[in-house]
Amino acid sequence: MSERKLFTSESVSEGHPDKIADQISDAILDAILAEDPEAHVAAETCVYTGSVHVFGEISTTAYIDINRVVRDTIAEIGYTEAEYGFSAESVGVHPSLVEQSGDIAQGVNEAFESREGDTDDLSHIGAGDQGLMFGFAINETPELMPLPISLSHQLVRRLAELRKSGEISYLRPDAKSQVTVEYDEHDKPVRVDTVVISTQHDPEATNDQIRQDVIEKVIKAVIPADYLDDDTKFFINPTGRFVIGGPQGDSGLTGRKIIVDTYGGYSRHGGGAFSGKDATKVDRSASYAARYIAKNLVAAGLVTKAEVQLAYAIGVAQPVSVRVDTFGTSTVPEAVLEAAVRQVFDLRPAGIIQMLDLKRPIYKQTAAYGHMGRTDIDLPWERLNKVDALVEAVKTVL
């Protein structure tokens, strides 16, 4: 009997409470960066019934209307009705942002290397904290992402499209998806075993209507027919009712969907969240750099699967470690790939910021439906412009 394995990933919609918080935090970051690209920002958000709290630390010359940014973000998501228990115009907004700690700022503004006499401009900025970050790529999908998280994101995005277009008028903003994919003995995806979708809805909508619409207009529109069969299981709103949702149903907090934001659990995660953080925070920028490296390694044909780990010390520019794990799929030794990566990519925080142009207000668009593998928006860490350089670097190392 051939060995078959199941792997499951989930996603959540832009109307999920934790994702509302992420989007508000990144909307604030973008608003600040639009006026002050040199700003340091760590903006956290908590949402619950009728209330939004924004707190954290910033260093900036910009002035922004946080109240307006919060309300506009909530309205764009779709919380515009008082009956939702959380609406853009009636919600209470409570900002509490303070100046960044001077002890942290001194290590970011002047890295250890700079204090030791390194005059290179890209050695001037130190990592905003210690930590480890992972990036991943695999040849399962055109965007080089694991199939379970790719499908999960597409399902909740499709729900949002149908809601906003009015094609399914009873949908409300909160939703979740989960996809279980079956893999063969060679770790190739062969079918979708289970799909779970929970979507908030108006009280008048019936379970039969919701089930039919979700299967026909969402699942079958997203998942290729080759992956679906008579044994594929669909669980649509399995509790039987999902009228109360969003922050009225559950509180939400920035940074609580880090697996949804990345690879759906298919790859390791260093633990640091992204939203609300400027690019001097390596939790965010180095995770993007690691994805950039992994994706270009796979696209170059050097590997079929790659996980890249980067690690940093606070106030130090150079990473303390760079590791490439290819799970036995590399055409050359992993040590060669690591040396090539160090040749091609400048992994100091300032190097990453320059390489990926990260001082721009580009972050709010990443705060729902994943930071990695996006095909609907142009993200610099998703570009395949280092393929040739990596191939040449491998040759020089060998």
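Numbering starts at 1 and runs along the chain as displayed.
Backbone N, Cα and C atoms are what each Cβ position is placed from, and that goes for glycine too.
The annotation ATP binding site is assigned in Swiss-Prot to His16, Asp174, Ala175, Lys176, Arg241, Phe242, Asp250, Arg256, Lys257, Ala273, Lys277 on the grounds of sequence analysis. The number of other Cβ atoms within 10 Å of the Cβ belonging to His16 (ATP binding site), over all protein chains shown, comes to 28.
Feature annotation from Swiss-Prot assigns Mg(2+) binding site to Asp18; the stated evidence is sequence analysis. For Asp18 (Mg(2+) binding site), the count of additional Cβ atoms within 10 Å of its Cβ stands at 22 [all protein chains shown].
The annotation K(+) binding site is assigned in Swiss-Prot to Glu44. The Cβ of Glu44 (K(+) binding site) lies under 8 Å from the Cβ of Ala21, Ser25, Val54, Phe55, Gly56, Leu253, Thr254, Gly255, Gly276, each of which sits 6+ residues away along the same chain.
Marked as L-methionine binding site by Swiss-Prot on the basis of sequence analysis: Glu57, Gln100, Asp250, Lys281. Counting every protein chain shown, the number of other Cβ atoms lying within 10 Å of the Cβ of Asp250 (ATP binding site) is 15.
The predicted model assigns the region 'Flexible loop' (100-110) a mean pLDDT of 67. The region 'Flexible loop' annotation in Swiss-Prot covers 100-110 and is backed by sequence analysis.
For Lys257 (ATP binding site), the same-chain residues that are 6 or more apart in sequence and have a Cβ closer than 8 Å to its Cβ are Val12, His16, Asp18, Lys19, Asp22.
Look at Ala175 (ATP binding site): DSSP puts it in a strand. In the three-state DSSP scheme, Glu57 (L-methionine binding site) is classed as strand. In this structure, the binding-site residues Arg241, Lys277, Lys281 were compared by how many other Cβ atoms lie within 10 Å of their Cβ, and the smallest count belongs to Arg241.
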